[in-house]
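What follows is a single structure, written as C-alpha cells, with notes after it.
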Amino acid sequence: MAAPAREPALRCCIRLARVFLLLVLACEVAGSDEAEAREGAASLAGSCGCGTPQRAGAHGSSAAAQRYSREANAPGLTSGPRPLALTKMVPIPAGVFTMGTDDPQIRQDGEAPARRVTVDGFYMDAYEVSNADFEKFVNSTGYLTEAEKFGDSFVFEGMLSEQVKTHIHQAVAAAPWWLPVKGANWRHPEGPDSSILHRSNHPVLHVSWNDAVAYCTWAGKRLPTEAEWEYSCRGGLQNRLFPWGNKLQPKGQHYANIWQGKFPVSNTGEDGFQGTAPVDAFPPNGYGLYNIVGNVWEWTSDWWTVHHSVEETFNPKGPTSGKDRVKKGGSYMCHKSYCYRYRCAARSQNTPDSSASNLGFRCAADHLPTAD
C-alpha cells in the first residue's frame, strides 16, 4: 500500500537519472572524435570465501606482472577453460604507482594529471559479482534493487527483442541506442521477456551504486576506492594503457570483452561474446583479476571529481561529497570510436541510483571476510 505514495518521488528520480545519463552519453559522443584522433599517439605512448589454492600471479609480484605481459605478447597463446577458484578474493600488495595519465585520451573525464599514489595492501574480488552471487544475497535478505523499485532500467537497443521494442516510445536523444525498458532489472537484463537462466556465471547487471554497497556490506566487504581499483587494474605494470600492456590485441589474441565492429550497428563478436562474458573469461592480469577492463563497468566508492592534485597521496578516497560516483573499466559496449574507456586510467561517472545493462561491480576488503 505504500507504493502509490512513493510513486511520484520515484518518477522524479527516474527523470533525473535519465537526464544525467543523457548528459554523460552526450559527453561520450563529444569525446569520441578526440579519442579517435589520438589513436596513433596512444599506441606510441609506451611499449607495447578463503584459504584457496593460489593462481599464478595472485600475489601480484612484479615478476608475475611481467610474466603476464610477456605471455600476452608471446606467439601461440591459447585460452582454455579456467575453473573458478574456491575463494573470490586475491591479495593485492601494498605499493606505489602512477595514477592517471599525462596523455589523457578523454580530457573532460579528468584522466590527468599523472600523480604518485601509495596504497596499503588489501583484497580484491578476483571476479565481478555474478548473478549467482547476487542471487544468494537477495535470497538471504529479500533485497530489492533500485531498478526493481523504479520499475525500469536502461538497456542497449541491440540486446532487446522486437516485442519489447514495440512498447518503447522514447530514447536518450544523444544516444538513441539506450532505451528505458520497463521490467528490466538484474533478473531480466534485457527486459521482461529475458532471464538469467544459463547466465549464473555472468556479471550481475542493473545494479546501482547503492545496490552494490548493500551487497558488499552483506558480504563483509566494501567497494574499492578509485585508487585501489586502478592500482589493481594495472596488475603490477607501470604506465601501460591496459592491464597486459599497450597493445589491445597482442599477437591477435583477445584479452577483454569489448565491442568489435562498427558501433552501434554491428558487433562481430570476434572475442566470442556480443553481450556479457562469464566472470572468469579471458586470462587474469598480474594480480589474478579477471575482466578488470571490459565486460561491465565497475562501481568504485569515490565521489566524482575532475580536479586532482599532483602531490603524492596515500590511500586517497576522493572527495567527501558529490552527486556522482566514479565507475571504471568500460564494458562490452565500449569501442574506441565511441567510448575509449577500457584503459586503466580511464574513468566515468553516474548517479548513485542509476543502473544499466552494462554496469556491475566487484568488492574489496581490508581483510578476508570470515565465514558465517
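Our numbering is plain: 1 for the first residue shown, then up by one each step along the chain.
Any Cβ shown, glycine's included, is placed from N, Cα and C.
Feature list (source: Swiss-Prot):
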BINDING   Glu128, Asn291, Gly294, Glu298  Ca(2+) 2 binding site
BINDING   Cys334, Cys339  Cu(2+) binding site
CARBOHYD  Asn139  N-linked glycosylation site
REGION    61-80  region 'Disordered'
REGION    339-358  region 'Interaction with sulfatases'
SIGNAL    1-31  signal peptide
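When the recorded positions Asn139, Asn291, Glu298 are screened for a C-alpha within 10 angstroms of the C-alpha of Cys334 (Cu(2+) binding site), no residue qualifies. If you take the C-beta of Glu298 (Ca(2+) 2 binding site) and look for same-chain residues 6 or more apart in sequence within under 8 angstroms, you find Glu128, Trp229, Ile292, Lys327, Lys328, Gly329, Gly360, Phe361, Arg362. You'll find the Cα of Asn139 (N-linked glycosylation site) roughly 28 Å from the Cα of Gly294 (Ca(2+) 2 binding site). Within 10 Å of the C-beta of Gly294 (Ca(2+) 2 binding site) there are 27 other C-beta atoms, taking all protein chains into account. Averaged over the region 'Interaction with sulfatases' (339-358), the predicted model reaches a pLDDT of 97. Annotation note: Asn139 (N-linked glycosylation site) sits in a helical segment as assigned by DSSP. The Cβ neighbour count for the residue listed as 'N-linked glycosylation site', using a 10 Å radius over every protein chain in view, is 9.
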